[in-house]
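These notes are about the structure you will find just below.
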Amino acid sequence: MSNDLGKLVLRLTLGILMLLHGIAKLSAGADGIVGMVASYGLPGVLGYLVYVGEVLAPLLLIVGLWTRPAALVVVINMVVAILLAHMGQLGQLGKSGGWALELQGFFLFTAVAVALLGGGGSAWAVGSTDPFARSNTAPWHYLWSLPMFKVPPVTAERLQLLLRAMPKAELHIHIEGSLEPELIFALAQRNGVSLPYASVEDLRHAYAFTNLQSFLDIYYAGASVLLHEQDFYDMARAYLARAAMDNVAHAEIFFDPQTHTARGVAMETVINGLHRACADARSELGISATLILCFLRHLSEASAFEALEQAQPLLDKIVGVGLDSSELGHPPEKFARVFARCRALGLHRVAHAGEEGPPAYIWSALDALKVERIDHGVQAMHDAALMQRLAQDRIPLTVCPLSNQKLCVFPDLKNHNLRQLLDAGLCATVNSDDPAYFGGYINENFTQVFAATAMTARHAYQLAFNSFEASFVSNADKRVWEHRLKETFERFVEHD
Ligand SMILES: Nc1ncnc2[nH]cnc12
Ligand SMILES: [Zn+2]
């Protein structure tokens, strides 16, 4: 609240004081400025742009519409004014001992501050509620989020190949959801576990889900075959081999330890098996992979704390924590204290929110859990202020199109809102969630959602770029993969 009030004061001060200069120029005319511009050998007519910088932009600042771009215009106006009229005073002090350009300096840097901060949510800010809400996002966020080169059009057929060939990161994959029915039966036999399904076909037949819970019931039953470190290794190694075929350069893998420790499996059995698979895949397949420990939200806060305590000696083998399982009725704030502890331990934080649950769950994942990414998040579309927050803070969404289709979040893939999320400037990514259950790995998610919603090569580039940007790897690794991405697109276009 006081933050918003501070921004409002700053915006109104800049707008009103600058507008007074504009009004003076309206009544005296812009001839002086036109002449000054012409004296530099430039078209004098450019001098009339002063009305944009000192009348139009201040009016936008006062009403709070397109606040950040308007402030940027004032910044440009002030830089031009200093270059044209005040360069001689740049290093001088005035009569009273202050900087000779303190007035210009105040205008310039106040405008820079407003451009950085935005207008502040307020009944006075049109931009906080109207369809122009996006304009409150820093303009350079849009520049930064745009592909670094112009992506030429690619035919629909070639686009499908490009989607498969482009390097990408997978940031939302539950390793237990990569257990194919064949491996479930092989592990059941190896470990003497009996399953309530007669055959692989019988199990596959049960994969007809109506919502998240109908899937989770079968998913936890499937995970019951995992007992020994080698089982966790085999599962993760199989996923990583499959992901490498889809040109996944980096995967951040979720695992649900509480579903295993509840059956008497030790935390170290789970983590050591998964970690060894990641290490081997890196040296044998060249794929990078890290682990994210997820707390089950249908269990208690105490159970989550217990899981964290068990994982404490193994924290060097995980990069972060997440929150998954049954969303409705289990709002994120239930785990605020656990996530605060994880934050203090230096762990990255993500949470499933807005898969089936309301936008309020996304707000509380951000504010109560302080997560850095939202898993799914597709329900954000119903809340304009939330969309603005996600765009402005560039909070990535790890979207899973086939999962959303199979769990009836959207009636059909053609109704999926991935394209709208991207076009609204959000840092969306494509992922597989539980590929063994939802009909496809990451490339299937890309190709099917692109075919269903007619997205373009530019969207493809943006999604792959976002996946690296949103990952928890070093900036150096991000740049290497982004460079490879650009090379792949250039190669494709050359041969188009
Ligand atoms: N889609 C999903 N949502 C919540 N929890 C999950 N665990 C595995 N898949 C999940
Ligand atoms: Zn998930």
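All positions are counted from 1 along the displayed chain.
Each Cβ is built from the backbone N, Cα and C atoms, and glycine gets one as well.
Just one of ASP31, ASP433, ASP477 is listed by TrEMBL for the same Zn(2+) site as HIS172, HIS174, HIS352, and that one is ASP433. Listed recorded positions: GLU355, HIS376, ASP433, ASP434. Those with a CB atom under 6 Å from ligand 2: ASP433.
With respect to their backbone Cα atoms, GLU355 (active site, proton donor) and HIS172 (Zn(2+) binding site) stand 13 Å from each other. Residue with the densest Cβ environment among the binding-site residues HIS172, HIS174: HIS172, by other Cβ atoms within 10 Å. Among the recorded positions HIS172, HIS376, ASP434, residues whose Cβ is positioned under 6 Å from ligand 1 are identified as ASP434.
Per-residue confidence over the domain 'Adenosine deaminase' (167-480) averages out at a pLDDT of 98. Each of the recorded positions GLU355, ASP433, ASP434 was scored by the number of other CB atoms within 10 Å of its CB, and the largest score is that of ASP433.
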